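Here's the structure we're looking at; comments come further down.
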Amino acid sequence: MSVDLQTVKRVAHLARIAVSEEDAERMTGELNAILGFVEQLNEVDVAGVEPMTSVTPMEMKKRQDAVTDGNKAADIVANAPATDENFFLVPKVVE
Amino acid sequence: MSDLTHLTISEARAKLRGKEISAAEITEAYLAAIERANPVLNAYIVVTGDKARDMAKASDAKLAKGEGGALEGIPLGIKDLFATEGIHTQACSHVLDGFKPRYESTVTTNLWADGAVMLGKLNMDEFAMGSSNETSYYGPVINPWRRSRVDTVVMPTTHQGDGGFVSAGGTKTQRSLDNAQLVPGGSSGGSASAVAAFLCAGATATDTGGSIRQPAAFTGTVGIKPTYGRCSRWGVVAFASSLDQAGPIARDVRDAAILLKSMASVDPKDTTSVDRPVPDYEAAIGKPIKGMKVGIPKEYRVDGMPQDIEALWQKGIAWLKDAGAEIVDISLPHTRYALPAYYIVAPAEASSNLARYDGVRYGLRVPGKDIIDMYEKTRAAGFGREVKRRIMIGTYVLSAGYYDAYYLQAQKVRTLIKRDFENVFAAGVDVILTPATPSAAFGIADEDMASDPVKMYLNDIFTVTVNMAGLPGISVPAGLDGKGLPLGLQLIGRPFDEETLFQTAHVIEQAAGKFLPEKWW
(Lines of atoms letter the chains of each structure in order from A and count residues from 1; the text may use other names and numbers.)
(Lines give C-alpha, C1' and ligand atoms only; values in the text may rest on other atoms or scores of the structure.)
Protein backbone atom coordinates (compact mmCIF):
# COMPACT_ATOMS: atom_id res chain seq x y z
CA MET A 1 0.00 0.00 0.00
CA SER A 2 1.15 3.52 -0.61
CA VAL A 3 -0.16 7.00 0.10
CA ASP A 4 -0.83 9.88 -2.30
CA LEU A 5 -0.64 13.61 -1.66
CA GLN A 6 -4.34 13.84 -0.77
CA THR A 7 -4.05 11.05 1.81
CA VAL A 8 -1.02 12.70 3.37
CA LYS A 9 -2.94 15.97 3.74
CA ARG A 10 -5.91 14.12 5.25
CA VAL A 11 -3.68 12.26 7.73
CA ALA A 12 -1.91 15.51 8.65
CA HIS A 13 -5.28 17.06 9.44
CA LEU A 14 -6.27 14.01 11.52
CA ALA A 15 -2.95 14.39 13.39
CA ARG A 16 -3.58 18.15 13.75
CA ILE A 17 -0.34 19.14 12.06
CA ALA A 18 -0.47 22.00 9.55
CA VAL A 19 1.48 21.09 6.40
CA SER A 20 2.46 23.23 3.44
CA GLU A 21 2.17 21.89 -0.10
CA GLU A 22 5.93 21.40 -0.09
CA ASP A 23 5.88 19.54 3.29
CA ALA A 24 3.10 17.27 2.08
CA GLU A 25 5.03 16.38 -1.08
CA ARG A 26 8.19 15.56 0.85
CA MET A 27 6.24 13.56 3.42
CA THR A 28 4.52 11.52 0.71
CA GLY A 29 7.89 10.18 -0.41
CA GLU A 30 9.10 9.55 3.14
CA LEU A 31 5.93 7.82 4.27
CA ASN A 32 5.94 5.61 1.18
CA ALA A 33 9.53 4.58 1.90
CA ILE A 34 8.50 3.52 5.42
CA LEU A 35 5.29 1.82 4.25
CA GLY A 36 7.32 -0.03 1.62
CA PHE A 37 9.69 -1.22 4.34
CA VAL A 38 6.92 -2.53 6.61
CA GLU A 39 5.18 -4.28 3.69
CA GLN A 40 7.30 -7.42 4.35
CA LEU A 41 5.15 -8.16 7.41
CA ASN A 42 2.51 -9.51 5.04
CA GLU A 43 4.77 -12.52 4.33
CA VAL A 44 4.38 -13.73 7.92
CA ASP A 45 1.83 -16.46 8.53
CA VAL A 46 -0.15 -15.23 11.52
CA ALA A 47 -3.03 -17.71 11.30
CA GLY A 48 -4.24 -18.46 14.81
CA VAL A 49 -1.77 -16.03 16.42
CA GLU A 50 -3.15 -13.72 19.11
CA PRO A 51 -2.09 -10.07 18.83
CA MET A 52 0.14 -9.02 21.71
CA THR A 53 -1.54 -6.90 24.33
CA SER A 54 1.11 -7.01 27.06
CA VAL A 55 4.76 -8.14 26.94
CA THR A 56 4.72 -9.49 30.49
CA PRO A 57 1.70 -11.46 31.59
CA MET A 58 0.31 -9.25 34.30
CA GLU A 59 -2.94 -8.33 35.88
CA MET A 60 -3.80 -4.65 35.93
CA LYS A 61 -3.11 -3.34 39.40
CA LYS A 62 -6.10 -1.71 41.02
CA ARG A 63 -5.65 1.31 43.19
CA GLN A 64 -7.34 1.72 46.50
CA ASP A 65 -10.65 3.54 46.00
CA ALA A 66 -9.68 6.57 48.04
CA VAL A 67 -8.60 10.16 47.54
CA THR A 68 -4.79 10.15 47.74
CA ASP A 69 -3.94 13.28 45.81
CA GLY A 70 -5.46 16.58 44.80
CA ASN A 71 -5.85 20.29 45.64
CA LYS A 72 -3.20 21.12 43.07
CA ALA A 73 -5.07 23.30 40.62
CA ALA A 74 -2.35 25.94 40.67
CA ASP A 75 0.34 23.31 39.92
CA ILE A 76 -1.73 21.88 37.09
CA VAL A 77 -2.16 25.17 35.26
CA ALA A 78 1.31 26.47 36.13
CA ASN A 79 2.83 25.56 32.76
CA ALA A 80 -0.13 26.54 30.56
CA PRO A 81 0.39 29.25 27.94
CA ALA A 82 -2.89 31.02 28.88
CA THR A 83 -4.92 30.68 32.09
CA ASP A 84 -7.43 32.58 34.17
CA GLU A 85 -8.15 31.64 37.80
CA ASN A 86 -7.07 28.01 37.40
CA PHE A 87 -8.85 27.58 34.05
CA PHE A 88 -7.07 26.83 30.78
CA LEU A 89 -7.88 29.48 28.18
CA VAL A 90 -8.50 28.45 24.56
CA PRO A 91 -9.84 30.26 21.48
CA LYS A 92 -13.64 30.50 21.46
CA VAL A 93 -15.21 27.14 20.56
CA VAL A 94 -18.94 27.89 21.07
CA GLU A 95 -20.65 30.75 19.23
CA MET B 1 41.28 17.78 40.60
CA SER B 2 40.26 16.77 37.10
CA ASP B 3 41.20 13.13 37.65
CA LEU B 4 38.33 12.88 40.15
CA THR B 5 36.12 12.71 37.05
CA HIS B 6 37.96 9.56 35.96
CA LEU B 7 36.88 7.59 39.03
CA THR B 8 34.22 4.96 38.43
CA ILE B 9 31.15 5.12 40.65
CA SER B 10 32.41 2.19 42.74
CA GLU B 11 35.81 3.87 43.20
CA ALA B 12 34.26 7.25 44.03
CA ARG B 13 31.84 5.56 46.45
CA ALA B 14 34.76 4.02 48.38
CA LYS B 15 36.69 7.30 48.50
CA LEU B 16 33.61 9.28 49.58
CA ARG B 17 32.80 6.81 52.35
CA GLY B 18 36.44 6.74 53.41
CA LYS B 19 36.39 10.58 53.49
CA GLU B 20 39.38 10.70 51.11
CA ILE B 21 37.37 13.02 48.87
CA SER B 22 34.23 15.08 49.43
CA ALA B 23 31.06 15.24 47.37
CA ALA B 24 31.70 18.96 46.94
CA GLU B 25 35.15 18.28 45.40
CA ILE B 26 33.97 15.67 42.93
CA THR B 27 30.95 17.80 41.99
CA GLU B 28 33.18 20.84 41.32
CA ALA B 29 35.48 18.66 39.22
CA TYR B 30 32.57 17.58 37.02
CA LEU B 31 31.13 21.11 36.75
CA ALA B 32 34.56 22.37 35.63
CA ALA B 33 34.87 19.54 33.08
CA ILE B 34 31.40 20.32 31.71
CA GLU B 35 32.21 24.01 31.41
CA ARG B 36 35.28 23.20 29.32
CA ALA B 37 33.86 20.41 27.15
CA ASN B 38 30.20 21.18 26.67
CA PRO B 39 30.60 24.01 24.13
CA VAL B 40 32.19 21.37 21.88
CA LEU B 41 30.26 18.18 22.72
CA ASN B 42 26.78 19.69 23.43
CA ALA B 43 25.94 16.77 25.74
CA TYR B 44 24.18 18.94 28.34
CA ILE B 45 21.37 21.29 27.44
CA VAL B 46 21.02 22.61 31.01
CA VAL B 47 23.66 22.56 33.76
CA THR B 48 22.20 22.81 37.28
CA GLY B 49 25.36 24.01 39.05
CA ASP B 50 23.68 25.59 42.10
CA LYS B 51 21.46 22.59 42.69
CA ALA B 52 24.44 20.25 42.28
CA ARG B 53 26.44 22.21 44.88
CA ASP B 54 23.50 22.20 47.33
CA MET B 55 22.99 18.47 46.87
CA ALA B 56 26.73 17.80 47.29
CA LYS B 57 26.77 19.82 50.51
CA ALA B 58 23.86 17.80 51.88
CA SER B 59 25.67 14.59 50.86
CA ASP B 60 28.84 15.66 52.64
CA ALA B 61 26.82 16.29 55.83
CA LYS B 62 25.34 12.79 55.59
CA LEU B 63 28.67 11.16 54.77
CA ALA B 64 30.25 12.90 57.78
CA LYS B 65 27.68 11.20 59.99
CA GLY B 66 28.17 7.88 58.20
CA GLU B 67 24.58 8.01 56.92
CA GLY B 68 25.19 8.11 53.18
CA GLY B 69 22.88 6.31 50.75
CA ALA B 70 23.95 3.90 48.00
CA LEU B 71 24.85 6.78 45.64
CA GLU B 72 25.70 9.43 48.23
CA GLY B 73 27.61 12.27 46.58
CA ILE B 74 27.82 10.65 43.12
CA PRO B 75 27.26 13.26 40.36
CA LEU B 76 24.91 12.12 37.58
CA GLY B 77 23.49 13.50 34.36
CA ILE B 78 19.76 13.11 33.65
CA LYS B 79 18.28 12.58 30.19
CA ASP B 80 15.85 15.38 29.32
CA LEU B 81 13.03 12.80 29.07
CA PHE B 82 12.80 12.53 32.89
CA ALA B 83 10.59 15.05 34.68
CA THR B 84 12.68 16.99 37.19
CA GLU B 85 10.75 19.30 39.48
CA GLY B 86 11.20 22.97 38.65
CA ILE B 87 13.90 22.19 36.08
CA HIS B 88 13.80 22.28 32.29
CA THR B 89 12.11 19.09 31.00
CA GLN B 90 11.37 19.21 27.29
CA ALA B 91 12.31 15.84 25.77
CA CYS B 92 14.53 18.14 23.64
CA SER B 93 11.45 19.32 21.76
CA HIS B 94 10.37 22.87 20.96
CA VAL B 95 6.74 21.93 21.62
CA LEU B 96 7.45 21.68 25.38
CA ASP B 97 8.96 25.18 25.33
CA GLY B 98 9.52 26.46 28.88
CA PHE B 99 8.06 23.37 30.59
CA LYS B 100 9.15 23.02 34.21
CA PRO B 101 7.22 20.18 35.84
CA ARG B 102 5.77 20.49 39.32
CA TYR B 103 6.66 16.87 40.01
CA GLU B 104 9.64 14.52 39.87
CA SER B 105 9.85 11.20 37.97
CA THR B 106 9.98 8.06 40.11
CA VAL B 107 13.38 7.05 38.70
CA THR B 108 15.04 10.37 39.59
CA THR B 109 13.22 10.44 42.96
CA ASN B 110 14.86 7.07 43.69
CA LEU B 111 18.30 8.39 42.68
CA TRP B 112 18.06 11.49 44.88
CA ALA B 113 16.76 9.37 47.78
CA ASP B 114 19.97 7.32 47.46
CA GLY B 115 22.07 10.49 47.64
CA ALA B 116 22.99 11.13 43.98
CA VAL B 117 23.83 14.68 42.86
CA MET B 118 22.22 16.16 39.72
CA LEU B 119 24.61 17.91 37.33
CA GLY B 120 22.04 18.83 34.68
CA LYS B 121 19.80 17.66 31.85
CA LEU B 122 21.25 15.74 28.93
CA ASN B 123 20.65 16.19 25.23
CA MET B 124 18.71 13.52 23.29
CA ASP B 125 16.82 12.98 20.07
CA GLU B 126 13.48 14.83 20.15
CA PHE B 127 10.98 12.67 22.10
CA ALA B 128 13.62 9.89 21.95
CA MET B 129 12.95 9.45 18.22
CA GLY B 130 16.27 8.97 16.46
CA SER B 131 19.47 6.95 16.37
CA SER B 132 22.03 9.75 16.04
CA ASN B 133 20.94 12.52 18.42
CA GLU B 134 20.54 14.78 15.39
CA THR B 135 16.78 15.31 15.80
CA SER B 136 17.21 17.31 19.05
CA TYR B 137 15.82 20.85 19.04
CA TYR B 138 19.07 21.77 20.81
CA GLY B 139 21.37 20.55 18.06
CA PRO B 140 23.42 17.38 17.67
CA VAL B 141 25.67 15.86 20.34
CA ILE B 142 29.26 15.10 19.34
CA ASN B 143 30.84 11.73 20.11
CA PRO B 144 34.10 12.08 22.10
CA TRP B 145 35.46 9.25 19.91
CA ARG B 146 37.05 10.08 16.56
CA ARG B 147 38.36 7.79 13.86
CA SER B 148 42.08 7.41 13.84
CA ARG B 149 44.16 7.21 10.72
CA VAL B 150 47.18 5.04 10.46
CA ASP B 151 49.68 6.66 8.10
CA THR B 152 52.92 5.22 6.90
CA VAL B 153 55.44 8.00 7.14
CA VAL B 154 58.65 7.89 5.11
CA MET B 155 61.47 9.05 7.32
CA PRO B 156 63.78 11.49 5.57
CA THR B 157 67.47 10.79 5.51
CA THR B 158 68.99 13.39 7.77
CA HIS B 159 72.53 14.58 8.30
CA GLN B 160 73.20 16.25 11.55
CA GLY B 161 76.15 18.57 11.24
CA ASP B 162 79.80 17.68 11.53
CA GLY B 163 80.48 14.59 13.45
CA GLY B 164 76.73 14.00 13.78
CA PHE B 165 74.90 10.88 12.78
CA VAL B 166 73.20 10.01 9.57
CA SER B 167 69.76 8.49 9.88
CA ALA B 168 69.01 6.02 7.17
CA GLY B 169 65.42 6.95 6.40
CA GLY B 170 62.92 4.08 6.25
CA THR B 171 59.27 4.13 7.27
CA LYS B 172 57.23 4.13 10.44
CA THR B 173 53.51 4.03 11.15
CA GLN B 174 51.86 6.95 12.85
CA ARG B 175 48.38 7.03 14.35
CA SER B 176 46.55 10.31 14.18
CA LEU B 177 42.99 11.39 14.95
CA ASP B 178 40.75 12.25 12.06
CA ASN B 179 38.92 15.59 12.38
CA ALA B 180 35.51 14.32 11.23
CA GLN B 181 32.90 14.60 13.96
CA LEU B 182 30.87 11.50 14.70
CA VAL B 183 27.43 10.98 16.20
CA PRO B 184 27.20 9.40 19.67
CA GLY B 185 24.15 7.38 18.59
CA GLY B 186 20.68 7.98 19.91
CA SER B 187 18.32 8.66 21.33
CA SER B 188 20.35 8.79 24.58
CA GLY B 189 23.28 10.49 22.79
CA GLY B 190 23.83 13.13 25.47
CA SER B 191 23.93 10.45 28.16
CA ALA B 192 26.45 8.32 26.26
CA SER B 193 28.68 11.23 25.23
CA ALA B 194 28.70 12.71 28.76
CA VAL B 195 29.62 9.37 30.35
CA ALA B 196 32.36 8.64 27.77
CA ALA B 197 33.84 12.15 28.01
CA PHE B 198 33.92 12.14 31.85
CA LEU B 199 31.22 14.82 32.18
CA CYS B 200 29.24 12.75 34.73
CA ALA B 201 29.90 9.57 36.71
CA GLY B 202 26.87 7.90 35.14
CA ALA B 203 23.65 8.91 33.43
CA THR B 204 20.00 7.99 33.15
CA ALA B 205 18.79 6.98 29.71
CA THR B 206 15.75 5.35 28.11
CA ASP B 207 15.37 2.68 25.45
CA THR B 208 12.36 2.13 23.18
CA GLY B 209 14.11 0.35 20.29
CA GLY B 210 17.81 0.58 21.17
CA SER B 211 18.21 4.09 22.57
CA ILE B 212 20.39 2.99 25.50
CA ARG B 213 22.35 0.14 23.90
CA GLN B 214 23.21 1.70 20.50
CA PRO B 215 24.70 4.93 21.95
CA ALA B 216 26.53 2.87 24.60
CA ALA B 217 28.06 0.76 21.80
CA PHE B 218 29.02 3.90 19.82
CA THR B 219 30.84 5.47 22.79
CA GLY B 220 32.57 2.52 24.49
CA THR B 221 30.23 2.66 27.51
CA VAL B 222 27.95 0.10 29.17
CA GLY B 223 24.19 0.47 28.77
CA ILE B 224 21.41 -1.77 30.03
CA LYS B 225 17.75 -1.77 29.10
CA PRO B 226 16.07 -3.72 31.89
CA THR B 227 12.98 -5.90 31.53
CA TYR B 228 9.79 -4.01 30.72
CA GLY B 229 8.23 -3.16 34.10
CA ARG B 230 11.49 -3.04 36.09
CA CYS B 231 11.87 0.77 36.18
CA SER B 232 8.83 2.94 36.71
CA ARG B 233 7.75 4.97 33.68
CA TRP B 234 6.01 7.52 35.91
CA GLY B 235 7.29 10.99 35.07
CA VAL B 236 9.16 9.80 31.97
CA VAL B 237 7.85 11.59 28.87
CA ALA B 238 6.02 8.84 26.96
CA PHE B 239 7.05 7.81 23.43
CA ALA B 240 5.76 4.24 22.92
CA SER B 241 4.34 3.07 26.24
CA SER B 242 4.51 -0.69 25.60
CA LEU B 243 8.23 -0.46 24.68
CA ASP B 244 9.72 2.39 26.76
CA GLN B 245 12.07 1.44 29.61
CA ALA B 246 14.54 3.50 31.61
CA GLY B 247 18.05 2.26 32.35
CA PRO B 248 21.56 3.57 33.03
CA ILE B 249 24.60 4.30 30.87
CA ALA B 250 27.83 3.87 32.83
CA ARG B 251 31.59 3.48 32.42
CA ASP B 252 31.70 -0.16 33.43
CA VAL B 253 29.47 -3.12 34.20
CA ARG B 254 29.68 -2.70 37.97
CA ASP B 255 28.62 0.96 37.75
CA ALA B 256 25.66 0.01 35.56
CA ALA B 257 24.62 -2.56 38.20
CA ILE B 258 24.91 0.02 40.99
CA LEU B 259 22.83 2.56 39.06
CA LEU B 260 20.12 0.12 38.00
CA LYS B 261 19.63 -1.03 41.60
CA SER B 262 18.84 2.57 42.59
CA MET B 263 16.72 3.40 39.52
CA ALA B 264 14.51 0.29 39.67
CA SER B 265 11.58 0.02 42.06
CA VAL B 266 8.03 -1.18 42.48
CA ASP B 267 5.86 1.86 41.86
CA PRO B 268 2.11 2.02 42.53
CA LYS B 269 1.98 5.08 40.23
CA ASP B 270 2.87 2.97 37.16
CA THR B 271 0.38 0.13 36.56
CA THR B 272 2.99 -1.70 34.44
CA SER B 273 5.61 -1.61 37.21
CA VAL B 274 6.11 -5.21 38.27
CA ASP B 275 5.73 -6.34 41.89
CA ARG B 276 9.12 -7.98 42.34
CA PRO B 277 11.78 -6.94 44.81
CA VAL B 278 14.87 -5.32 43.22
CA PRO B 279 17.85 -7.68 43.62
CA ASP B 280 21.39 -6.61 44.50
CA TYR B 281 22.71 -6.63 40.92
CA GLU B 282 26.27 -5.91 42.01
CA ALA B 283 26.38 -9.24 43.87
CA ALA B 284 26.11 -11.06 40.51
CA ILE B 285 29.40 -9.57 39.31
CA GLY B 286 32.35 -11.93 39.56
CA LYS B 287 30.27 -15.09 39.81
CA PRO B 288 31.63 -17.77 37.47
CA ILE B 289 29.68 -18.54 34.29
CA LYS B 290 30.88 -22.15 34.11
CA GLY B 291 28.18 -24.35 32.59
CA MET B 292 26.04 -21.40 31.50
CA LYS B 293 24.31 -21.96 28.15
CA VAL B 294 24.95 -19.10 25.71
CA GLY B 295 22.80 -18.98 22.56
CA ILE B 296 24.18 -17.63 19.27
CA PRO B 297 21.29 -16.72 16.95
CA LYS B 298 22.09 -17.30 13.28
CA GLU B 299 19.59 -14.64 12.17
CA TYR B 300 21.83 -11.90 13.59
CA ARG B 301 24.42 -12.54 10.88
CA VAL B 302 23.10 -9.97 8.39
CA ASP B 303 24.15 -9.17 4.85
CA GLY B 304 26.71 -6.44 4.56
CA MET B 305 27.74 -6.60 8.21
CA PRO B 306 31.30 -5.29 8.54
CA GLN B 307 34.00 -7.92 9.02
CA ASP B 308 35.11 -6.16 12.21
CA ILE B 309 31.74 -6.86 13.81
CA GLU B 310 31.68 -10.51 12.79
CA ALA B 311 35.21 -10.88 14.19
CA LEU B 312 34.19 -9.19 17.44
CA TRP B 313 31.24 -11.55 17.81
CA GLN B 314 33.55 -14.55 17.36
CA LYS B 315 35.91 -13.11 19.97
CA GLY B 316 33.00 -12.76 22.40
CA ILE B 317 32.03 -16.38 21.80
CA ALA B 318 35.62 -17.48 22.47
CA TRP B 319 35.85 -15.45 25.71
CA LEU B 320 32.65 -16.96 27.10
CA LYS B 321 33.73 -20.44 26.05
CA ASP B 322 37.11 -19.94 27.77
CA ALA B 323 35.22 -18.95 30.93
CA GLY B 324 33.44 -22.31 30.85
CA ALA B 325 30.16 -21.42 29.14
CA GLU B 326 28.52 -23.84 26.75
CA ILE B 327 27.95 -22.25 23.33
CA VAL B 328 24.85 -23.36 21.41
CA ASP B 329 23.59 -22.33 17.99
CA ILE B 330 20.00 -21.13 18.15
CA SER B 331 17.38 -19.79 15.78
CA LEU B 332 15.07 -16.83 16.30
CA PRO B 333 13.22 -17.13 12.98
CA HIS B 334 11.15 -13.91 13.16
CA THR B 335 14.11 -11.61 13.86
CA ARG B 336 13.94 -9.86 10.49
CA TYR B 337 10.33 -8.83 11.08
CA ALA B 338 11.05 -7.07 14.38
CA LEU B 339 12.13 -3.77 12.85
CA PRO B 340 9.19 -3.41 10.42
CA ALA B 341 6.74 -4.41 13.19
CA TYR B 342 8.39 -1.84 15.46
CA TYR B 343 7.87 0.87 12.84
CA ILE B 344 4.14 0.26 13.07
CA VAL B 345 3.72 -0.29 16.83
CA ALA B 346 6.01 2.52 18.04
CA PRO B 347 4.62 5.28 15.76
CA ALA B 348 1.05 4.16 16.52
CA GLU B 349 1.64 4.52 20.24
CA ALA B 350 3.57 7.75 19.71
CA SER B 351 0.77 9.35 17.66
CA SER B 352 -1.55 8.72 20.57
CA ASN B 353 0.89 9.77 23.32
CA LEU B 354 1.90 12.96 21.52
CA ALA B 355 -1.72 14.07 20.99
CA ARG B 356 -1.44 15.86 24.34
CA TYR B 357 0.87 18.55 22.91
CA ASP B 358 -1.85 20.87 21.72
CA GLY B 359 -0.84 24.30 23.01
CA VAL B 360 -3.41 24.22 25.83
CA ARG B 361 -1.90 22.71 28.97
CA TYR B 362 1.83 23.29 28.60
CA GLY B 363 4.56 24.37 26.27
CA LEU B 364 4.38 26.21 23.00
CA ARG B 365 1.21 27.86 21.66
CA VAL B 366 0.98 29.42 18.21
CA PRO B 367 -2.23 31.47 17.85
CA GLY B 368 -4.73 30.50 15.13
CA LYS B 369 -8.04 31.70 13.79
CA ASP B 370 -9.92 29.02 15.76
CA ILE B 371 -9.00 26.18 18.12
CA ILE B 372 -8.24 23.62 15.37
CA ASP B 373 -6.05 26.14 13.57
CA MET B 374 -4.26 26.82 16.87
CA TYR B 375 -3.63 23.08 17.41
CA GLU B 376 -2.35 22.59 13.86
CA LYS B 377 -0.06 25.63 13.88
CA THR B 378 1.29 24.81 17.34
CA ARG B 379 2.11 21.23 16.41
CA ALA B 380 3.56 22.23 13.03
CA ALA B 381 5.93 24.70 14.73
CA GLY B 382 6.63 22.59 17.81
CA PHE B 383 7.55 19.19 16.37
CA GLY B 384 10.62 18.46 14.27
CA ARG B 385 10.61 16.49 11.02
CA GLU B 386 11.27 13.02 12.44
CA VAL B 387 8.60 13.40 15.12
CA LYS B 388 6.05 14.59 12.54
CA ARG B 389 6.97 11.67 10.30
CA ARG B 390 6.29 9.17 13.09
CA ILE B 391 3.05 10.82 14.20
CA MET B 392 1.88 10.71 10.57
CA ILE B 393 2.77 7.02 10.16
CA GLY B 394 1.07 6.22 13.46
CA THR B 395 -2.05 8.16 12.57
CA TYR B 396 -2.22 6.45 9.19
CA VAL B 397 -1.81 2.87 10.47
CA LEU B 398 -4.46 3.44 13.14
CA SER B 399 -6.92 5.15 10.77
CA ALA B 400 -10.18 3.53 9.71
CA GLY B 401 -9.66 0.74 7.18
CA TYR B 402 -5.93 0.28 7.84
CA TYR B 403 -5.93 -0.82 11.47
CA ASP B 404 -6.20 -4.57 10.73
CA ALA B 405 -3.73 -4.57 7.85
CA TYR B 406 -1.00 -2.76 9.75
CA TYR B 407 -1.44 -2.48 13.50
CA LEU B 408 -3.14 -5.81 14.20
CA GLN B 409 -0.74 -7.64 11.87
CA ALA B 410 2.26 -6.04 13.63
CA GLN B 411 0.94 -7.00 17.08
CA LYS B 412 0.54 -10.61 15.90
CA VAL B 413 4.09 -10.62 14.54
CA ARG B 414 5.18 -9.26 17.90
CA THR B 415 3.65 -12.31 19.59
CA LEU B 416 5.73 -14.51 17.26
CA ILE B 417 8.93 -12.58 18.02
CA LYS B 418 8.37 -13.06 21.75
CA ARG B 419 7.56 -16.76 21.19
CA ASP B 420 10.93 -17.24 19.42
CA PHE B 421 12.71 -16.09 22.59
CA GLU B 422 10.43 -18.14 24.87
CA ASN B 423 11.21 -21.30 22.90
CA VAL B 424 14.95 -20.73 23.16
CA PHE B 425 14.84 -20.01 26.90
CA ALA B 426 12.57 -23.04 27.45
CA ALA B 427 15.25 -25.16 25.73
CA GLY B 428 17.69 -24.17 28.49
CA VAL B 429 19.52 -21.19 27.01
CA ASP B 430 20.48 -18.77 29.81
CA VAL B 431 21.65 -15.80 27.78
CA ILE B 432 21.94 -14.80 24.10
CA LEU B 433 25.04 -13.13 22.62
CA THR B 434 24.78 -10.85 19.56
CA PRO B 435 26.50 -7.77 18.17
CA ALA B 436 24.97 -4.56 19.59
CA THR B 437 24.91 -2.57 16.34
CA PRO B 438 25.48 -3.28 12.64
CA SER B 439 28.21 -0.60 12.41
CA ALA B 440 30.44 1.69 14.47
CA ALA B 441 29.56 5.39 14.97
CA PHE B 442 28.96 7.29 11.72
CA GLY B 443 29.50 10.91 10.74
CA ILE B 444 27.36 13.90 11.69
CA ALA B 445 24.96 14.73 8.81
CA ASP B 446 25.64 11.42 7.05
CA GLU B 447 24.08 11.85 3.61
CA ASP B 448 22.86 8.27 3.22
CA MET B 449 21.02 8.39 6.52
CA ALA B 450 19.59 11.85 5.89
CA SER B 451 18.13 10.94 2.51
CA ASP B 452 16.46 7.69 3.60
CA PRO B 453 14.72 7.40 6.99
CA VAL B 454 14.77 3.58 6.76
CA LYS B 455 18.62 3.57 6.64
CA MET B 456 18.69 5.37 9.99
CA TYR B 457 16.13 2.92 11.39
CA LEU B 458 18.39 -0.05 10.51
CA ASN B 459 20.74 1.01 13.33
CA ASP B 460 18.34 -0.70 15.73
CA ILE B 461 18.18 -4.01 13.86
CA PHE B 462 19.88 -5.99 16.68
CA THR B 463 18.36 -4.14 19.63
CA VAL B 464 14.71 -3.67 18.69
CA THR B 465 13.77 -7.36 19.06
CA VAL B 466 14.49 -7.06 22.79
CA ASN B 467 12.00 -4.22 23.23
CA MET B 468 9.37 -6.01 21.17
CA ALA B 469 9.68 -9.01 23.54
CA GLY B 470 10.02 -6.90 26.72
CA LEU B 471 13.33 -8.60 27.64
CA PRO B 472 16.45 -7.18 29.31
CA GLY B 473 19.46 -6.40 27.10
CA ILE B 474 22.92 -5.01 27.87
CA SER B 475 25.54 -3.53 25.55
CA VAL B 476 29.13 -3.94 26.69
CA PRO B 477 32.22 -2.56 24.91
CA ALA B 478 34.22 -5.43 23.44
CA GLY B 479 36.79 -3.97 21.07
CA LEU B 480 37.75 -1.34 18.52
CA ASP B 481 37.26 -1.48 14.77
CA GLY B 482 40.02 -0.92 12.22
CA LYS B 483 39.54 2.84 12.53
CA GLY B 484 39.86 2.79 16.30
CA LEU B 485 36.16 3.21 17.06
CA PRO B 486 34.48 1.24 19.86
CA LEU B 487 32.13 -1.67 19.13
CA GLY B 488 29.76 -3.38 21.54
CA LEU B 489 28.36 -6.83 22.12
CA GLN B 490 24.81 -7.34 23.30
CA LEU B 491 23.59 -9.90 25.82
CA ILE B 492 19.87 -10.70 25.99
CA GLY B 493 18.39 -12.40 29.05
CA ARG B 494 15.24 -13.97 30.42
CA PRO B 495 12.60 -11.60 31.82
CA PHE B 496 13.84 -10.10 35.13
CA ASP B 497 17.16 -11.92 34.90
CA GLU B 498 19.32 -8.80 34.72
CA GLU B 499 21.72 -10.51 37.14
CA THR B 500 22.83 -13.01 34.49
CA LEU B 501 23.44 -10.09 32.11
CA PHE B 502 25.70 -8.28 34.59
CA GLN B 503 27.48 -11.54 35.46
CA THR B 504 28.16 -12.40 31.79
CA ALA B 505 28.89 -8.83 30.65
CA HIS B 506 31.53 -8.62 33.35
CA VAL B 507 33.28 -11.69 31.92
CA ILE B 508 33.38 -9.96 28.50
CA GLU B 509 34.62 -6.73 30.10
CA GLN B 510 37.41 -8.57 31.92
CA ALA B 511 38.52 -10.24 28.70
CA ALA B 512 38.17 -7.20 26.42
CA GLY B 513 39.53 -4.51 28.74
CA LYS B 514 38.25 -0.95 28.88
CA PHE B 515 38.29 1.55 26.03
CA LEU B 516 38.79 5.27 26.52
CA PRO B 517 38.66 7.96 23.83
CA GLU B 518 41.79 9.99 23.20
CA LYS B 519 41.08 13.49 24.50
CA TRP B 520 40.79 16.18 21.77
CA TRP B 521 37.91 18.24 23.13
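Quick reminder: no glycine exception, Cβ is built from N, Cα and C everywhere.
Sequence annotations record features per position, and here TrEMBL assigns domain 'Amidase' to B:25-150, B:179-501. Residues or ranges marked as active site, charge relay system by TrEMBL: B:LYS79, B:SER187. According to TrEMBL, the feature active site, acyl-ester intermediate maps to B:SER211.
The average pLDDT for the domain 'Amidase' (B:25-150) in the predicted structure is 97. The Cβ of B:LYS79 (active site, charge relay system) has B:LYS121, B:LEU122, B:MET124, B:SER188, B:GLY190, B:SER191, B:ALA203, B:THR204, B:ALA205, B:THR206 as same-chain neighbours under 8 Å, each 6 or more residues away in sequence. A gap of 5 Å separates the Cα atoms of B:SER187 (active site, charge relay system) and the residue listed as 'active site, acyl-ester intermediate'. A simple way to gauge crowding: the CB of B:SER187 (active site, charge relay system) has 35 other CB atoms within 10 angstroms, across all the protein chains here. The secondary structure of B:SER211 (active site, acyl-ester intermediate), as reduced to three states from DSSP, is coil rather than helix or strand. Taking a C-beta cut-off of under 8 Å and a sequence gap of six or more, B:SER211 (active site, acyl-ester intermediate) has these contacts in its own chain: B:ASP125, B:ALA128, B:SER131, B:GLY186, B:SER187, B:SER188, B:ALA205.
With helix defined as DSSP H, G or I and strand as E or B, the domain 'Amidase' (B:25-150) counts 44 helix, 21 strand, 61 coil.
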